[in-house]
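A.B. asks: According to Swiss-Prot, the protein carries these features:
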BINDING   Gly47, Asp68, Ser75, Asn76, Leu77, His78, Arg79, Lys92, Asp136, Asn137  ATP binding site
BINDING   Cys177, Cys180, Cys253, Cys256  Zn(2+) binding site
ACT_SITE  Cys194  active site, glycyl thioester intermediate
DOMAIN    305-423  domain 'Rhodanese'
ACT_SITE  Cys378  active site, cysteine persulfide intermediate
Amino acid sequence: MEKYIKEHTLKPNEIERYGRQLITPDIGVSGQMSLCNSSVLIIGAGGLGCPVALYLSSAGIGTLGLVDYDTVEISNLHRQIGHRESSKGISKAVSLSKTISELNSLIKVNTYETTFTSETAMEIIKNYDIVVDASDNVATRYLVNDACVLTGKPLVSGSALKWEGQITCYNYNNGPCYRCIFPTPPPVETVTKCSDGGVLGPIVGVIGSLQALEVIKILTNNKEGVLSGRLLIYDGMSAVFRTVRIRGKQSGCNVCGDKPTVTQLIDYTQFCQSNYSESAGKVDDRVDKTLIITVEQFNQSIKNNNNNHLLIDVRPKIQFDICSLPNSNNIPIEEIDKKESIEIIEKLIKEKVENNNNNNNNNENRDASDELSVYLVCRRGNKSQDAVKILDEKLKEFRDKFKLLHIKDGLLGWNESIDDSFPIY
């Protein structure tokens, strides 16, 4: 006599592990088997990718793919919960894979320690049923979207910044793709990065968990509840969830429309005028070389003539309060072109010039090295370039009274080249 009857292939240890899902309406045995036989690719093993991967692995997804070229840093740990202090310096994909294996040894995990690019995307995506966009930059979003449309894969997309996050599903059940909603990339200067705007760990946790939930709904064929053609927005500060309708599938879309013009992957860094990583490389020079000084030159200059300079830190006050160089004056870039700020800067310059003149018996013949230098600094040497251009124009009436210079590579450069004890964030 048989001990028990089961008309499915779930093993006893799987029934025990996934039991609470098995008895959930709209999941059941068929739903769990779909999960166990499915494969999901997660682009990004960071703030969003970690909760997505942890919850999908716990749910019993048969195969997970993790794509991330980056390594774990201590600054990641407040929000990237799949990594540990002991993982510092190792691949994020490998680190997250290790955590997943400790959580559920029944599933398979593939790691791709590479940048997701036009050259690698199609070969990786073709092996998976669903793709999750857990990236942090515009170029990757367009790339992932186009690759999913060209391969016919549903895309679950999420994003988070500061206290807010949002999630939707693209290329599913005749719904829109990312290009239907955003045909052209936003101007680079309008995009706020996580490293500049900040983000709370629980926010990416909420959005990542919701992304995992959308994947489960798609794989278990719960079509009606999927966020296709709808955008869910979460405001953590006010504790409000909103779901809004978004533009539907567009017949004129360049990639999923009736007559697509994008039939193969393109150069997305050129298309978006941005990199595949928000931390890729140094900040490019965008001002005349006469307005630039290196951190080494700045350090030597203030050593030689510590009193005859004015240092303006253009970071937001919330960042300035974390740490700053001695004798810095905080005037945020968002306020630097306002009348009140210009008046403050003019007053500071005039006071410095007057003090300098008083210290020189013969001002007309004084050494050029005694000329006042006005230095502008920010976190990475990006916003200080904008500031130097603004002040070069706003203060042109008495520009002959001082040198105006932006500090290349900013405070991160100061940490790397001058003082490694200076806090970075």
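Each Cβ is built from the backbone N, Cα and C atoms, and glycine gets one as well.
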A.B. asks: Would you say which of the recorded positions Leu77, Cys177, Cys378 has the most Cβ atoms within 10 Å of its own Cβ?
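C.D. replies: Answer returned by the neighbour count: Cys378.
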A.B. asks: Could you count the residues of the domain 'Rhodanese' (305-423) that DSSP puts in helix, in strand and in coil?
C.D. replies: 56 helix, 20 strand, 43 coil
A.B. asks: For Arg79 (ATP binding site) and Cys194 (active site, glycyl thioester intermediate), what Cα-Cα distance in Å is obtained after rounding to a whole number?
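C.D. replies: Spelling it out, the Cα of Arg79 (ATP binding site) and the Cα of Cys194 (active site, glycyl thioester intermediate) are 11 Å apart.
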A.B. asks: Relative to the Cβ of Cys180 (Zn(2+) binding site), which residues of the same chain, six or more apart in sequence, are found under 8 Å away?
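C.D. replies: Cys180 (Zn(2+) binding site) has long-range Cβ partners Arg247, Gly248, Lys249, Gln250, Cys253, Cys256.
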A.B. asks: Quick one: of the recorded positions Cys177, Cys194, Cys378, which has its CA closest to the CA of Leu77 (ATP binding site)?
C.D. replies: Cys194
A.B. asks: Report, in whole Å, the straight Cα-to-Cα distance of Cys177 (Zn(2+) binding site) from Asp136 (ATP binding site).
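C.D. replies: Answer for this pair: 18 Å between alpha carbons.
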A.B. asks: Have a look at the recorded positions Cys177, Cys194, Cys378 and say which one has the shortest Cα distance to Ser75 (ATP binding site).
C.D. replies: Cys194
A.B. asks: C-alpha of Cys194 (active site, glycyl thioester intermediate) to C-alpha of Gly47 (ATP binding site): distance in Å?
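C.D. replies: About 10 Å separates the two Cα atoms.
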A.B. asks: Take the mean position of the Cβ atoms of Cys177, Cys180, Cys253, Cys256, the recorded Zn(2+) site. Which other residues of that chain put their Cβ within 8 Å of it?
C.D. replies: Val149, Tyr170, Asn171, Pro176, Tyr178, Arg179, Lys249, Gln250, Asn254, Val255, Gly257
A.B. asks: Pop the mean pLDDT for the domain 'Rhodanese' (305-423) in here, whole number is fine.
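C.D. replies: Mean model confidence (pLDDT) across the domain 'Rhodanese' (305-423) is 89.
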